[in-house]
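Below: the structure, in structure tokens.
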Amino acid sequence: MTSLDQNRLQNFKNKGKDQEEMRRRRNEVTVELRKNKREETILKRRNVPNLDSNTDEDDQVPNSINLKKLALAAADTSKPEQQLQAVQAARKLLSSDKNPPIDELIKSAILPQLVKCLEQHNHTMLQFEAAWALTNIASGTSDQTNQVVSAGAVPLFLQLLNSPAPNVCEQAVWALGNIIGDGPLLRDFVIKHGVVQPLLSFIKPDIPISFLRNVTWVIVNLCRNKDPPPPAATIHEILPALNVLIHHTDTNILVDTVWAISYLTDGGNEQIQMVIESGVVPKLIPLLGNNEVKVQTAALRAVGNIVTGSDEQTQVVLNYDALSYFPNLLSHPKEKIRKEAVWFLSNITAGNQSQVQAVINVGLLPKIIENLSKGEFQTQKEAAWAISNLTISGNRDQVFTLIKEGVIAPFCDLLSCQDTQVINVVLDGLNNMLKMAESHVEAVANLIEECEGLAKIERLQGHENVDIYKLAYEIIEQYFTDEGEQANLAPSSDGTQYNFDPNADKLPMNSFNF
């Protein structure tokens with residue numbers, strides 16, 4: 001070995017991941033999965049009426065409006081009918097399907113007038129139209145939403161939650177949902193103004209379904225964002241409501257409820273524990289088998305986030321027989337379901353040995369390997385983590401079971417990919433398999449060589465990534481050179497004499513069946 005090689009390897013030691021490292025990895029993947037998707041639930045919603053061919057002409061937007069005159073008319077309380085017409089005209093402009101003139105209306109100074117209209121408790125139609133217009137302004141950019149807040153709308157919307165007019169209540173809920181959905185700052189601002197209890201009070205049997213859908217969506221926005229997360233007191237207030245809503249038969253409400261739970265379980269172990277202690281987990285697990293893909297997706301993310309927690313928190317999910325749903329999930333026709341199912345299992349194989357054994361007992365290893373072999377790359381990547389984690393967390397028998405299932409060839413195939421993280425994960429897993437093989441190391445090494453894995457590892461010694469180079473070099477040096485083979489044949493001592501085991505490199509028949 002050259003001095004350059006010696007220097008490059010001087011302070012390299014065998015890579016390994018303890019459980020804390022694996023747990024950090026779990027959270028990174030959660031973020032990555034979320035970024036690779038889109039937001040599963042909409043942050044803000046515009047109230048756009050459903051227009052059809054029979055729509056009344058009164059509901060059409062005028063072709064040309066002087067916005068300054070409109071703002072003046074909206075401010076003129078001495079002419080209630082004209083004031084209502086002006087506010088309605090503004091609402092119609094903001095409800096137009098394409099490019100609503102939000103900034104132009106804000107510049108016209110109508111915004112403060114719309115907010116003042118919320119105070120007209122003797123004129124519920126005016127309140128409703130103004131609330132609708134403000135809802136649509138708040139559905140825009142963060143700056144536009146903040147302008148609604150700066151105009152003093154939040155306390156007035158909270159007052160309207162007690163309005164005797166249901167349509168005014170519902171529109172106020174919608175507006176607050178858009179403001180909360182802007183991000184954690186406005187979310188916490190609205191929480192401090194006391195939104196939670198009035199909002200939850202709407203969850204009762206006689207609430208119209210459209211209204212309850214809006215309430216549930218606002219609850220989702222309250223649970224969203226983890227930098228910072230919602231206040232613990234708010235989470236404690238919301239969880240009993242989620243325990244009720246999770247039984248709802250309306251698919252939209254059910255999906256939003258489960259996404260709310262998934263956002264809470266994405267906030268670290270303390271929030272995971274709150275969710276567990278609320279008693280919702282046994283209601284969540286059966287949704288993994290729901291007929292609606294939207295429900296399955298949300299449930300898989302929610303339980304997947306729980307198993308990013310401690311071994312004890314992970315065990316709660318396993319105790320409710322979650323793994324029994326995974327043979328179907330791993331063979332699901334939707335790739336994104338398969339990917340997240342493998343991601344879930346990568347967090348189980350990062351657990352303790354009894355949790356690893358649970359995965360084996362349900363017969364999931366062949367299905368993980370199938371996704372490793374045939375899935376799209378993002379699914380293969382998750383499968384690589386599941387395999388590598390098992391080689392770290394599992395015992396020798398569990399790793400041998402993995403090898404017997406035929407993991408090595410598809411695992412080695414990923415060494416040709418361009419993703420340095422995946423290459424590192426695969427090399428780490430192979431290194432662990434070889435290390436654990438002990439006297440059977442030659443059989444494992446032969447499997448790696450026969451599928452051209454060795455050739456790939458040799459090429460990786462020239463990789464530009466120093467971690468990959470080092471680990472590839474170490475594997476070759478340790479297990480695929482004459483020195484390594486001689487080391488494996490080194491005599492063992494029983495204290496009085498040295499003994500050579502002539503069968504050191506022969507695997508017992510009950511260990512592998514290739």
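Heads up, the Cβ atoms here are built off N, Cα and C, so glycines get one too.
TrEMBL annotations: computationally assigned, not manually curated.
Among the features that TrEMBL reports, compositional bias 'Polar residues' is placed at 1-13.
The compositional bias 'Basic and acidic residues' annotation in TrEMBL covers 15-31.
If you look up TrEMBL, you'll see 1-55 marked as domain 'IBB'.
Look at TrEMBL and you will find 1-31 tagged as region 'Disordered'.
Under DSSP, residues within the repeat 'ARM' (109-152) fall into helix, strand and coil as 31 helix, 0 strand, 13 coil. Among the features that TrEMBL reports, repeat 'ARM' is placed at 109-152 (among others).
Per TrEMBL, repeat 'ARM' is recorded for 152-179 (among others). Computed over the repeat 'ARM' (152-179), the whole-number mean pLDDT of the model equals 98.
Taken from TrEMBL, the feature repeat 'ARM' applies to 279-317 (among others). Among residues of the same chain six or more beyond the repeat 'ARM' (279-317), those with a C-beta under 8 A of the stretch's C-beta atoms are 19, 23, 26-27, 30, 33, 40, 239, 242-243, 246-247, 251, 254-255, 258-259, 261-262, 265-266, 269, 272-273, 325, 328-329, 332, 334, 336-337, 340-341, 343-344, 347-348, 351-352, 355.
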